[in-house]
Amino acid sequence: MAFKIDDFTIQEDQVKIAKDVFKRFDKRGQEKISTTDLGPAFRALNLTVKPDTLKEWADQVDDDATGFIDFNGFLICYGKKLQEDQDERDLRDAFRVLDKNKRGEIDVEDLRWILKGLGDDLTEEEIDDMIRDTDTDGSGFVDFDEFYKLMTSE
């Protein structure tokens with residue numbers, strides 16, 4: 001059965017894989033794993049998550065601060081990672097479309113056009129500030145990492 005988190009759905013086969021990994025780390029068969037096992041569990045899923053992100057997610061699903069999470073909490077964390085990875089793929093696809101010269105960078109004027117089209121009613125000054133914060137070297141171009149940080153507010 002698929003599992004839905006906000007607007008993201010974890011497919012049935014992904015839930016099964018997650019369940020298998022969860023069981024491996026549920027050493028006592030208590031239907032819970034230690035929050036310290038999240039990192040190794042994600043590595044077992046061939047996923048990389050920064051330790052501070054794992055801690056943040058663990059804190060969100062370990063409501064009573066026991067240091068343990070159940071399978072539902074694990075699935076929520078897994079879903080967040082899958083969503084994060086999908087968002088990055090989508091941004092890479094968008095970046096490739098905007099990278100007209102296929103040089104791994106987009107012109108800040110193209111970025112300005114994108115920001116105007118986001119529908120956030122940004123002023124020219126706000127857009128200028130965002131571009132200045134993104135194009136830190138003043139080259140007039142933005143690479144994918146800079147684009148990603150801007151679009152995800154990281």
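Backbone N, Cα and C atoms are what each Cβ position is placed from, and that goes for glycine too.
Same-chain neighbours of the domain 'EF-hand 1' (13-48): 1-3, 54-55, 57-58, 62, 67-71, 74-75, 77-78, 81-82, 85, counting only residues six or more beyond its ends whose CB sits under 8 Å from a CB of the stretch. Per Swiss-Prot, domain 'EF-hand 1' is recorded for 13-48, and the stated evidence type is sequence analysis.
Positions annotated as domain 'EF-hand 2' by Swiss-Prot, on the basis of sequence analysis: 49-84. Panel annotation: around the domain 'EF-hand 2' (49-84), residues 3, 5-6, 8, 10, 14-15, 18-19, 22, 31-36, 38-39, 41-42 of the same chain, lying at least six beyond its termini, place a Cβ under 8 Å from a Cβ of the stretch.
Taking the Cβ of ASP64 (Ca(2+) 1 binding site) as reference, no residue of its chain lies under 8 Å away while being at least six apart in sequence. Taken from Swiss-Prot, the feature Ca(2+) 1 binding site applies to ASP62, ASP64, THR66, supported by a curator's inference.
What Swiss-Prot records for 86-121 is domain 'EF-hand 3'. Panel annotation: around the domain 'EF-hand 3' (86-121), residues 8, 127, 130-131, 134-135, 139-144, 147-148, 150-152 of the same chain, lying at least six beyond its termini, place a Cβ under 8 Å from a Cβ of the stretch.
Around the Cβ of ASP99 (Ca(2+) 2 binding site), a 10 Å sphere holds 19 further Cβ atoms from the protein chains shown. Annotated Ca(2+) 2 binding site per Swiss-Prot: ASP99, ASN101, GLU105, ASP110, in sequence order, evidence recorded as a curator's inference.
The domain 'EF-hand 4' annotation in Swiss-Prot covers 122-154 and rests on sequence analysis. Long-range Cβ contacts of the domain 'EF-hand 4' (122-154) within its own chain (Cβ-Cβ under 8 Å, at least 6 residues beyond either end) map to 87-88, 91-92, 95, 104-108, 111-112, 115-116.
The Cβ of ASP137 (Ca(2+) 3 binding site) has 9 neighbouring Cβ atoms from other residues within 10 Å, across all protein chains displayed. Annotation source Swiss-Prot lists Ca(2+) 3 binding site at ASP135, ASP137, SER139, GLU146.
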Cβ-based neighbourhood (8 Å from the centroid) of the Ca(2+) 2 site, residues ASP99, ASN101, GLU105, ASP110 excluded: LEU98, LYS100, LYS102, ARG103, GLY104, ILE106, ASP107, PHE141
Cα-nearest neighbour of ASP62 (Ca(2+) 1 binding site) within the listed binding-site residues, ASP99, ASN101, ASP110, GLU146: GLU146
